[in-house]
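A.B. asks: Sharing a structure below in structure tokens format, with a few things to ask.
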Amino acid sequence: METKDLKKLAKAELHCHLDGSLSLDTIRQLAALAQVDVPQDDSELKQLVTAPETCESLMDYLKTFDVIRPLLQTPQALTLAAYDVVKQAALENVIYIEIRFAPELSMDQGLTATQVVEAVLKGLEQGQKEFGIVAKAIVCGMRQSSLDISREIFANVLEWANKGLVGFDFAGNELDFPPAVLADLIKETQAYGLPFTLHAGECGCPNYIVDAIDLGIKRLGHVTAIHNQKDLLAKFIANDVTAELCFTSNLQTKAARTVEDFPYMQLRQAGAKLSINTDNRTVSDTNLTKEYELFVKHFETSVTDFLEHNRDAIKASFASPAEKEALLDRLEKAYQSYIKK
């Protein structure tokens, strides 16, 4: 398929980080609001906020986020940022998106976690009204931070549960802070009633995927370490888990050292549920259309495959049952003309 056709395909995205996905124009607006100097030249600014094509590691990749953190410290900035990412998604025919962020990273200048979430939800709502997309929020704890900080944040933001906030996650340094370290807090938070997704297996540790599945988590981000793990793949499928795949990001961070190390084909051939995602649109210099192009190029993914992956994404989403039904109907209708070709 040509790029223009891939762009026209209806899409759903489950794994997109707010602070890693801001457009250059919005970064400039945010910098002006924060009175922070950034390069006026697009190529210079892009170099500042985009990770190298090949990083030394995940931690090397994450350094890029340090540039954005000071720009997301006010309600106005957070609302603008959330609106920007929704707009970007809608313009490439994403009909459903879950945008995740860590309130802790926007609390440097006195905002509370509740204020951070409120501001992000305001931006999501503006984008939904303007573009006809459905956009939800996932709140992340940072793995490397004190568990007490994440515990307090998760508890405090519950007032927004099912008012746009639909789930929780842990992001950050997986290698040193595996699921076992987070297990008790994850169980506590699951008791609140909102679902969990979790970054798992991005650092090359299959056991971290096992631990996440054993916590009853039904959506896992990256799962790169499932590659060539036959028993783990069987467990993944038996537990009805959906993979949130992030191809470009995984190659950058060396989670997958080569295209052959990326687990998509093994997941697909085994009948596992999966979704295709950007992870970080700006940091990885990508969007969903680019990701789809790469899947066509490297894996010969077909329109029928994309339809199936988007069905999986919507079914595994944290949207309400009624929203899922409407989104699935919209998805099927959008693909009818392409499937017939």
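Note that Cβ sites are derived from N, Cα and C of the backbone, with glycine treated the same way.
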A.B. asks: Out of D84, D261, D279, which is the one Swiss-Prot records at the Zn(2+) site of H15, H17, H199?
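C.D. replies: Record source Swiss-Prot; matching candidate: D279.
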A.B. asks: Within 10 Å of the Cβ of H222 (site 'Important for catalytic activity'), how many other Cβ atoms are there?
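C.D. replies: By my count, 28.
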A.B. asks: Quick one: pull the CA-CA distance for H199 (Zn(2+) binding site) versus H222 (site 'Important for catalytic activity'), whole Å only.
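C.D. replies: Between the Cα atoms of H199 (Zn(2+) binding site) and H222 (site 'Important for catalytic activity'), the distance comes to 6 Å.
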A.B. asks: Taking the Cβ of G172 (substrate binding site) as the centre, how many other Cβ atoms fall within a 10 Å radius?
C.D. replies: 21
A.B. asks: Using an 8 Å cut-off from the Cβ centroid of H17, D19, G172, can you name the remaining same-chain residues around the substrate site, in sequence order?
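C.D. replies: Apart from H17, D19, G172, the close residues are L18, G20, L62, F65, R100, F101, A102, L105, C140, A171, N280.
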A.B. asks: By CA distance, which of the binding-site residues (D19, G172, D279) lies nearest to H222 (site 'Important for catalytic activity')?
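C.D. replies: Closest recorded candidate to H222 (site 'Important for catalytic activity') by Cα: D279.
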